[in-house]
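S.K.: Just dropping this structure here.
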Amino acid sequence: MQSQRERPREDRVHEETRGADHAHPSVPHAAAAASATATETATRTMSLHAGGVVVVDGKEKGKKEEGEGKRKGKAPATAEAVRGRARLRGEQLRQLHEIFLRFDLDGDGSLTKLELAALLRSLGLRPAAGDEIHALIAAIDADGNGTVEFDELASSLADLILGPCRPSVAVDQAELAEAFRAFDRDGNGFISAAELARSMARMGHPICYAELTDMMREADTDGDGLISFEEFTAIMAKSALDFLGLAAL
C-alpha cells in the first residue's frame, strides 16, 4: 500500500477535499471545511450567519519549521505581497493560513492549480470555466513561478472576490438551486422560518430562537418574513468573505 507521501498529489487533493466535511460549527470566523454537497455547504453558510461556522480541524496539516519546504531558487515574497499580507488583521491572517495549510498537501509552501481550485471550492466558489483557473493563478502569482504562495494569496484574495477578477469566480447556480430546494420543504419557492429551523436541525445543526431570528434578519432583505431564491443566493455569495473575516476590508 502506498504511503501518504508516495501517493500522487492530485489523488490526495481529491481525498482531502472529500474528507474535510465532518467538522461541527462552533468558533466565529473560523475557516470553512473543504467542499461537500451543495446542501451541506448551504447549511454551513446559514450556520455562519447565526453566529457560528464550521471549523477546519485544529491541526495545521503540512506545517513545517521555518525555512523547511522551500524550493531551491524560489523567489522571495514581493513587496506587494508583503503589503497585502499586512492588510489582514492577526485573526484574519491566522484563519487564512489554516486554510492555506489545509490545501498545501505536500507542505512545500505553495498551491498548485488543483490545490487552489480545491481551496476556492471550500469557500463556496468555483472557476467559471476550467481554463480560467490559469487566469486566477496568473493574477495571484506575483513572482510568476506558476504556483501561489501564502503571501500572494493573502495579498490577492479580497481582490479575487471583490475586484476585477470577480467574473472568473462564480457561485454555482445549479448547486444553489439544489440546496434551496432542500430548505424549501413545501416547494413554494420560499424558505420560511419554520422550514429553516427544521432543515438546520435535520442536517445536524439545531439552532435556538435567537439564532433563527438573526438568520432570518440577515437573509430576508425585503422583510416579508420569507427567504426567496434571490435572497438565498445573495447570502451564499457573501459567505466566502465572512468565512475569512474579510468583509470589513
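All positions are counted from 1 along the displayed chain.
Note: Cβ is positioned from N, Cα and C throughout, glycine not excepted.
Just lifted these from Swiss-Prot, have a look:
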BINDING   Asp141, Asp143, Asn145, Thr147, Glu152  Ca(2+) 2 binding site
BINDING   Asp184, Asp186, Asn188, Glu195  Ca(2+) 3 binding site
BINDING   Asp220, Asp222, Asp224, Glu231  Ca(2+) 4 binding site
COMPBIAS  1-24  compositional bias 'Basic and acidic residues'
COMPBIAS  30-56  compositional bias 'Low complexity'
COMPBIAS  57-70  compositional bias 'Basic and acidic residues'
DOMAIN    91-126  domain 'EF-hand 1'
DOMAIN    171-206  domain 'EF-hand 3'
REGION    1-80  region 'Disordered'
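Show me how these features fit into the shown structure, please.
M.R.: Residues near Thr147 (Ca(2+) 2 binding site) in space but far in sequence (CB under 8 A, at least 6 apart, same chain), listed by position: Ser110, Leu111, Thr112, Ile137, Asp141. The secondary structure of Thr147 (Ca(2+) 2 binding site), as reduced to three states from DSSP, is coil rather than helix or strand.
Asp184 (Ca(2+) 3 binding site) falls outside any helix or strand according to DSSP and counts as coil. With a 10 A radius on its CB, Asp184 (Ca(2+) 3 binding site) counts 21 other CB atoms from all the protein chains.
Under a cutoff of 8 A between CB atoms, and with a sequence separation of 6+ in the same chain, the neighbours of Asp220 (Ca(2+) 4 binding site) are Leu226, Ile227, Glu231. DSSP gives Asp220 (Ca(2+) 4 binding site) a coil state; it is part of no helix or strand.
Shown for the domain 'EF-hand 3' (171-206): DSSP residue counts in helix, strand and coil, namely 21 helix, 2 strand, 13 coil.
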S.K.: Around the Ca(2+) 3 site formed by Asp184, Asp186, Asn188, Glu195, which additional residues qualify by having Cβ within 8 Å of the site's Cβ center?
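M.R.: Residues close to the Ca(2+) 3 site, other than Asp184, Asp186, Asn188, Glu195: Phe183, Arg185, Gly187, Gly189, Phe190, Ile191, Ser192.
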S.K.: Taking 10 A as the limit, how many CB atoms besides its own sit near the CB of Asn145 (Ca(2+) 2 binding site)?
M.R.: 14
S.K.: When the Cα of Asp186 (Ca(2+) 3 binding site) is compared with the Cα of each of the binding-site residues Asp143, Asn145, Glu152, Asp222, Asp224, which one is closest?
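M.R.: If we rank Asp143, Asn145, Glu152, Asp222, Asp224 by Cα distance to Asp186 (Ca(2+) 3 binding site), first place goes to Asp224.
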S.K.: Compute the centroid of the Cβ atoms of Asp220, Asp222, Asp224, Glu231, then list the same-chain residues not in that set whose Cβ lies within 8 Å of it, in sequence order, for the Ca(2+) 4 site.
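M.R.: These residues sit around the Ca(2+) 4 site: Ala219, Thr221, Gly223, Gly225, Leu226, Ile227, Ser228.
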S.K.: Counting each residue once, how many in the domain 'EF-hand 1' (91-126) are helix, strand and coil under DSSP?
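M.R.: In the domain 'EF-hand 1' (91-126), the DSSP-based counts are 23 helix, 3 strand, 10 coil.
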S.K.: Have a look at the binding-site residues Asn188, Asp222, Asp224 and say which one has the shortest Cα distance to Glu152 (Ca(2+) 2 binding site).
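M.R.: Minimum Cα distance from Glu152 (Ca(2+) 2 binding site) across Asn188, Asp222, Asp224 lands on Asp222.
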